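If you check TrEMBL, you get these features:
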type	residues	note
COMPBIAS	444-460	compositional bias 'Polar residues'
DOMAIN	1-395	domain 'Major facilitator superfamily (MFS) profile'
REGION	426-460	region 'Disordered'
TRANSMEM	18-48	transmembrane segment
TRANSMEM	55-77	transmembrane segment
TRANSMEM	83-102	transmembrane segment
TRANSMEM	224-241	transmembrane segment
TRANSMEM	253-274	transmembrane segment
TRANSMEM	281-301	transmembrane segment
TRANSMEM	307-329	transmembrane segment
TRANSMEM	341-360	transmembrane segment
TRANSMEM	366-390	transmembrane segment
Amino acid sequence: CVVLVTIGGVIAAFSHQFWLLVLGRLICGIGGNSLFGTAFIIVVEFVVAEHRAAVGILVDVPFAVGGAVVALFGYLIRDSWRWLTLACVLPSLLLLPVLWFLPESIRWLKATGRHVEAGKVLLNIEKLNGKLVPRYLLDSQTNLTEIACKADVLSNGKIKLTEDHGPGKISRTDETLETSSEITGPNNFLGESELTTVDAKPTTDMEKMTLFDLLRLPNMRKRCLVNFFIWASVTLVFYGLTENSTNMAGNIFINFVLSVLIEIPSYFFAWFAVDRMGRKGTLLFVLTISGVSCITAALLPRDSTDLIILFSLLGKFGAAAAFSIVYLYSSELFPTAVRGVSIGACSMCARIGGILAPIVTSLGQLFYPPLPALVFGTLGLFSAALTLLLPETRGCILPTTLEESEQFGCDQPLFYFQCDCGIKSRRGSESSLSDSEKRTSDSTATALPQLGTGSNRVQV
């Protein structure tokens, strides 16, 4: 992807024919979008559940910083679009050395049956952290389906599931899991790694899964179509508001920078909210904010320049927050073996929205100035309504198989939301279970719950 970005940018910068310019931009776009999506998937699959939201959303902050840098380059290199293109693509070469040190996703390696490679990555992590990895994780019969329950290593070399398991839905039990004798004490275990073990299933079918396998199943087909539309709408609104900022009164560079910098607080808000309001509730909220703000900006008198800019920025705030959430949310809805392909398909639909963004923006110049904002607002509100069709994924085990994905969230009602407004440790020291559930779990040893069942969610 890095090579595609560089090659495409260089072709576009030195092109003297229109078709060559289009080809270069096409190659650059394919590489750039694939690069971000792939990097996001690797990041999400490498972190534990309690940090997934933070890493999955805050990875967008450099995206906003990069947009501000583009505005700076545009201001400094106003006389040559060729040099501006090179200035934007050549820094991507700095990523090439990183690729030699970036490990493959352990979750993906395990899901596709490449256990030896997964073991090598785990051993590298062990060496880097200076702590022993539990040896049962290196066994080909161990499947890293999700970071879900906390564990302590006892002095006798066993792992005991603890009462405090945070948002994961596994009850406390006094049963222990045998590990290698190399693990001698709690200091040799990777902190609070929250790992579960299940019997590995044959992975030949998982290796062959494609996006079409998802579309065969009714629930996954519905979620795919909803995600496709939301991604396209959010991208159209996101880039449409960014491009429309240059059509507003005032300095185009200042307007563009403001439109980009408003993304940074939106990402921090999304990070704060998704673990308290849930993925579904937060996405619904920010899409509604974006839609209402855009429609308000469209209905204001044309001479209310400051108010129009203010509500346009609020619309961009909501769209940017939604942009970061859909990456995290979608990655939790699709099974491991096709998670990358699914995010890629969503990203492809998002590019359709990106293609339509300048067309919609130009409608304001051709017909009616408030028309773009009305379109953005309508799409935002309609996407917010479609969010109700998706299940909540906060604190749940990431699905690994098609069957898990199909059954996940089937018992959740349409208006199912999670809300945690109390003070909660970021390390999950406060259990999300009710007192009655705690008493039940203290007296009953239970197995891992099935995804989407009533036992792995808390309804508010």
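Glycine is no exception: its Cβ is also placed from the backbone N, Cα and C atoms.
Of the candidate ranges 18-48, 224-241, 281-301, 307-329, 366-390, 307-329 contributes the most Cβ pairs within a distance under 8 Å of the transmembrane segment (253-274). The transmembrane segment (18-48) shares more Cβ pairs under 8 Å with 341-360 than with any other stretch in the list 83-102, 281-301, 307-329, 341-360.
Tertiary proximity for the transmembrane segment (307-329) is limited to same-chain residues at least six positions away from its ends with a CB under 8 Å from its CB atoms, namely 40, 44, 52-53, 56-57, 60, 64, 227, 230-231, 234-235, 237-238, 241-242, 244-245, 248, 250, 255, 258-259, 262-263, 265-267, 269-270, 274, 279-280, 282-283, 286-291, 293-294, 296-297, 300, 343, 346, 373, 376-377, 380, 383, 390, 393. Among the listed stretches 83-102, 224-241, 341-360, 366-390, the one sharing the most Cβ pairs under 8 Å with the transmembrane segment (281-301) is 366-390.
Through the fold, the transmembrane segment (224-241) approaches residues 211, 214-215, 259, 283, 287, 290, 294, 312, 315-316, 319-320, 322-323, 326, 330, 333, 342, 345-347, 349-354, 356-358, 360-361, 372, 375-376, 379-380, 382-383, 386-387, 389-390 of its own chain, all at least 6 residues removed from its boundaries and within a Cβ separation under 8 Å.
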